[in-house]
Amino acid sequence: LTGVLDDCLCDIESIDDFNTFKIFPKIQKLQERDYFRYYKVNLKRPCPFWADDGHCSIKDCHVEPCPESKIPVGIKAGSSNKYSKAANNSKELEDCEQANKLGAVNSTLSNQSKEAFIDWARYDDSQDHFCELDDERSPDAQYVDLLLNPERYTGYKGPSAWRVWNSIYEENCFKPRSVYRPLNPLAPSRGESFYTWLEGLCLEKRVFYKLISGLHASINLHLCANYLLEETWGKPRWGPNVKEFTRRFDPSETKGEGPRRLKNLYFLYLIELRALSKVAPYFERAVVDLYTGNGHEDAESKALLLDIFRDTKSFHMHFDEKSMFAGDKKGAKSLKEEFRLHFKNISRIMDCVGCDKCRLWGKLQTQGLGTALKILFSEKEIQSLPENSPSKGFQLTRQEIVALVNAFGR
């Protein structure tokens with residue numbers, strides 16, 4: 001890919017340089033810090049739109065939570081009187097280790113994490129969410145260590161996976177029924193041309209489509225980059241699968257569609273980058289602490305995060321969201337609300353993903369993008385934050401912060 005992206009004054013080479021040399025090494029380090037590596041997620045929420053028929057039985061999709069007795073006390077919603085001191089019999093331990101070996105979602109946690117979770121368990125709510133948030137108090141919500149559960153190809157594909165993406169594009173991208181996105185295997189005969197329709201949309205709705213396409217491209221790239229290449233004697237070997245990448249992104253194999261998908265990925269990067277630079281004042285206040293209970297580590301994490309914010313501000317070709325929702329107040333308000341509801345719906349569709357590991361990363365990246373949108377639409381509130389007290393007008397939960405950083409990191 002080369003050249004300028006549509007809908008912004010930015011070229012791909014500049015983004016590549018900026019990301020490779022400035023952002024990526026730092027964000028990778030940040031994702032390894034305790035505050036950002038634990039994400040609380042409910043993988044048992046039922047699909048609200050159709051009967052859950054496509055559950056993946058492949059072992060690498062599977063999430064096998066460790067037995068109750070192995071989970072640190074602090075995780076259980078911070079209530080220390082809820083746990084039983086059941087004996088850790090060796091059978092449970094073996095089951096747990098076996099599950100981890102199989103590439104299941106590994107939910108064991110280290111002892112030093114315990115204390116931190118007690119503090120994180122305070123539940124905070126806000127009316128301005130772009131995502132359907134998991135109820136952190138639900139008995140089904142559990143902390144997952146993202147470093148132990150990398151996003152990769154698990155074998156989850158076919159009609160069930162297609163149905164999820166189809167539902168996202170067909171029902172939530174402001175699209176008329178007569179227009180089908182290119183190469184959609186579920187589309188009937190061709191109606192109105194897709195790109196004529198897309199170019200005819202207002203900027204906001206065009207941006208929405210590109211963000212979803214960018215998210216799709218991003219997830220597909222992760223699967224190509226970390227693919228189960230072979231399994232010999234029960235030992236899996238993971239690595240980049242060039243053939244799979246070509247199948248999804250090469251112009252000649254995708255009728256020219258691949259490069260468009262990749263451009264939308266760059267567009268998604270710019271939107272999330274913009275959100276990071278806009279939210280900096282929220283974190284620059286002394287009252288905001290990335291609290292894990294380890295004072296030294298917390299200070300280092302915050303310093304690294306502020307360093308990344310400084311870098312994002314040094315980038316000269318930001319997407320300018322001021323051109324969005326800039327019409328008359330009433331129209332802009334209803335369009336923003338429509339945007340929010342469409343996006344919230346997409347976050348609910350993630351509960352229909354039949355592979356738990358894919359669901360985990362789908363939910364995390366959707367919530368990260370939802371948080372970015374929330375930030376971009378809250379500029380006034382962020383600018384008027386009080387220096388030394390928690391804000392009423394704009395607030396981020398720990399979940400949103402973790403999702404935002406990890407989604408951008410992906």
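Here the Cβ of each residue, glycine as well, is placed from N, Cα and C on the backbone.
Whatever TrEMBL says is automated annotation, not expert-curated.
Pulled from TrEMBL, these are the features on record:
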ACT_SITE  CYS355  active site
ACT_SITE  CYS358  active site
BINDING   ARG152, THR154, TRP165, SER213, HIS216, ARG248  FAD binding site
DISULFID  CYS56-CYS61  disulfide bond
DISULFID  CYS355-CYS358  disulfide bond
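Features per TrEMBL, on structure.
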residue	record	Cβ neighbours (10 Å)
ARG152	FAD binding site	20
THR154	FAD binding site	21
TRP165	FAD binding site	18
SER213	FAD binding site	23
HIS216	FAD binding site	18
ARG248	FAD binding site	19
CYS355	active site	24
CYS358	active site	24
Measuring Cα to Cα, tell me the gap between ARG248 (FAD binding site) and CYS358 (active site) in whole angstrom.
18
Given HIS216 (FAD binding site) and CYS358 (active site), what distance in Å do their CA atoms have, once rounded to a whole number?
12
Express the distance between the Cα positions of SER213 (FAD binding site) and CYS358 (active site) as a whole number of Å.
17
Whole-number Å value for how far CYS358 (active site) lies from THR154 (FAD binding site) (Cα to Cα):
8
Whole number in angstrom, please: the longest C-alpha to C-alpha distance across ARG152, THR154, TRP165, SER213, HIS216, ARG248 for FAD.
21
Rounded Cα separation (Å) that holds between CYS358 (active site) and TRP165 (FAD binding site):
13
